[in-house]
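Features as listed in TrEMBL:
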- 27-46: transmembrane segment (TRANSMEM)
- 53-70: transmembrane segment (TRANSMEM)
- 76-93: transmembrane segment (TRANSMEM)
Amino acid sequence: MRVLGASVLSMEAFVMGFAVLLAMGEHSGGALALGGALAIALLLNAGLMKKRTGWVVGSILQIAMIGYGYVVPSMYFMGALFAALWIAAFLVGRKGEAIRAELLRQKPLK
């Protein structure tokens, strides 16, 4: 579960970095600083995925990424796409962990 979440966050950080490059020509330093801070927060949060707070903070960052669409309009679409991937990572990861727990319960590792 955490590997999928960390992968989504890492890719989002790169996309956010490219969005900051798109915003460079048209927007003020505040919008650029916000985008840079968001990219760094996404990357740092990928390391927190072992804990429940990583999922909570990651969900908040999904909303912030969609909100960056105010600065770069294409980020509305990209943010929504990554939010869908975030939800899929959570659901698929949870299902995978349940299957793994069931297998370990049936046949413990040696």
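Easy rule for this one: first residue shown is 1, then count along the chain.
Placed from the backbone N, Cα and C atoms, the Cβ positions cover glycine too.
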*Using a Cβ cut-off of under 8 Å, list the residues of the same chain at least 6 residues beyond the transmembrane segment (76-93) that approach it.*
1-5, 7-8, 11-12, 15, 19, 55, 58-59, 62-63, 65-69
*Who are the chain neighbours of the transmembrane segment (53-70) in space, where the CB to CB distance is under 8 Å and they lie at least 6 residues beyond its ends?*
2, 5, 8-9, 12, 16, 19, 34-35, 38, 41-42, 45, 47, 76-80, 82-83, 86, 90
